[in-house]
Amino acid sequence: MSSQSLYKVSGNIAANALVNNDQYKKMYQESIVNPEGFWREHGKRIDWIKPYTKIKKTSFDDHNLSINWFYDGTLNASANCLDRHLAEHSDRVAIIWEGDNASEQRKITYGELHTQVCKFANALRSQGVRRGDIVTIYMPMVPEAAVAMLACARIGAVHSVVFGGFSPDSIASRVIDGKSKVVITADEGMRGGRAIPLKRNIDDALKHPDVTSVEKVIVLKRTGGKVDWVEGRDVWWHSLVETASEHCAIEEMGAEDPLFLLYTSGSTGNPKGVLHTTGGYMVYASMTHEYVFDYKPGEIYWCTADVGWITGHSYMVYGPLANGATVLIHEGIPNHPSPARLGEMIDRHKVNILYTAPTLIRALMAEGKQHFDKYDGSSLRIMGSVGEPINPEAWRWYHEVIGHEHCPIVDTWWQTETGGILITPLPGATDTKPGSATRPFFGVQPALVDNMGNILEGATEGNLVLLDSWPGQMRTVYGDHERFVLTYFKTFRGMYFTGDGARRDEDGYYWITGRVDDVINVSGHRLGTAEVESALVSHELVAEAAVVGYPHDIKGQGIYAYVTLTRGTEESEELRQELRQWVRKEIGALATPDLIQWATGLPKTRSGKIMRRFLRKIAANEVTNLGDASTLADPAVIETLIETRLNRNE
């Protein structure tokens, strides 16, 4: 193996880990050669009401697409996260919660969480929620967010969690698409010392003329902030659960019945509702949580992701709770009120496993390691990275400053669509290289292909595809199965196309190189460029807009917008700021352009197609080798854009 920047597994970790390298190779080989036998055995890790006898019916043929796992079994996801632990671990702490203000803290045992979920599940039923109904959840990072999700799962309702940073328009589009009957929110959330007006955002979203399905809005009293009230529609969480029974029978769900919807950005502009089902997802979320983080019973596990993203679903709620872990949930951001907050929380709660994003690591790096002078960190055993590729400098800083050079780092690659981690080191099995996601998890068959779909062997670079299904895979785009087939299975026939590019080195390790479609990754969160462009051109003074990602020291990728104004409109810094606020209002703060360059024209082919590769290079300040411009209708546009670019290094 290439020794360049290689961090070898320590003997102590390998000796005590769930799997060492030899075991990984043996298990991986079995999972590929005999997937039915492998998953028949590992599917038993969760509790089934009616045990499965049929394991796998899958095909990536775009004319005959089929993704079915454990498909004759029945189960309940809520029971797997709660009821199964009550006999032996009712008093174990399930959730440790720390508020935005560190003085606010709560601990909830598995027994208490079970009671809260049962009461709220009965409350949902009292509001007319039935099996198969879609419930929109727009909540702060409080334990009640997990309670709401698990209560939906308990009664067979399908939850659709919307990130608390999204705007009313973004909420409305998701409510309309899912035809939600009930919305669950809070008066306000707290983040970084600021109150977030969640209820007000919901009120504004539900004023959209196309929102016609919502009958009830359940409101958690988090801050006591003033809220407007719609009589007959709005109801307080606490008034519902006060009288609700503590006993709630579980709904028996088929393995392929929907568990949740989660909307993710697409390259076409409209967010797509990723649909995950119950059986395969629960098997995969719990198995990856245990093996990737080498989880040991009773350990304290902290995933810093928001519940509104897939990481919060799989590795803050379903995976860890299915495994009986103690989960730390933090309402705020781990560098507020100072960069020392992350270390203080690790020490205060004796965290054993930390799962966070490169964006946070880079932000802490920029502040300096002096903020960790008082940090002990002796409880920490495993550290993970998620959301985007981590650059080697940030990896090393994370390893040295947070991990004190004794914690393995699992740099995980996966997607909303995959349900769980696909490419990752395993702590006791994988020597790591900073910046590499390394090797596939059990049952995962990655490959690299050229643009014609030919599989590339050996050390090479190409489009990252997957050759066969795994249990956690999404099943469809809600209400638009054709879009599912078109997006993931038409580009390369018989393969799942991830939308990412990757490099494979001489040791077979994978290095993710970033999106190859029109999606950008901002602070580990995916945004469709078409979504941002649509918001910009909806402003009356914007004639045309093109949006690309560019390298950003903190966020990984920033948002760079080229904007052509309507004839006669004057360019100004005031208008630039107005457009930034406009996008913020239309989509949310996450989508706010970092840089807006005025463009008298955009590079287009004679057929009118915008040549984004030129725009990406100019935004990245890579202007010396732009490549062939002969297909452009007006090559002079390029020179003008280069001269007026904003991201100069000089």
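The backbone N, Cα and C atoms fix where each Cβ goes, and this holds for glycine too.
Residues G387, E388, P389, D411, T412, W413, W414, Q415, T416, D500, R526 are given by Swiss-Prot as ATP binders; from R381, R396, R493, R515, that same site also lists R515.
The subset of binding-site residues (R191, T311, N335, S523, V542) lying with their Cα within 10 Å of the Cα of T416 (ATP binding site) consists of T311, given in sequence order. On the backbone, the CA of V542 (Mg(2+) binding site) and the CA of T412 (ATP binding site) stand 40 Å apart. Each residue contributes its Cα atom, and for S523 (CoA binding site) and H539 (Mg(2+) binding site) those atoms are 26 Å apart. Neighbour counts of Cβ atoms within 10 Å were taken for the binding-site residues R191, R194, R515, H539, R584; the minimum is at R194.
Here the Cα atom of P389 (ATP binding site) is found 26 Å from that of R584 (CoA binding site).
Straight-line distance linking the Cα atoms of T412 (ATP binding site) and R584 (CoA binding site), rounded to a whole number, equals 30 Å. Surrounding the centroid of the Cβ atoms of V537, H539, V542, where the record places Mg(2+), the chain contributes additional residues within 8 Å, namely A535, L536, S538, E540, L541, A543, E544, A545, V563, L579, W582. Cβ neighbour count for G387 (ATP binding site): 23 (other Cβ atoms within 10 Å of its Cβ, all protein chains included).
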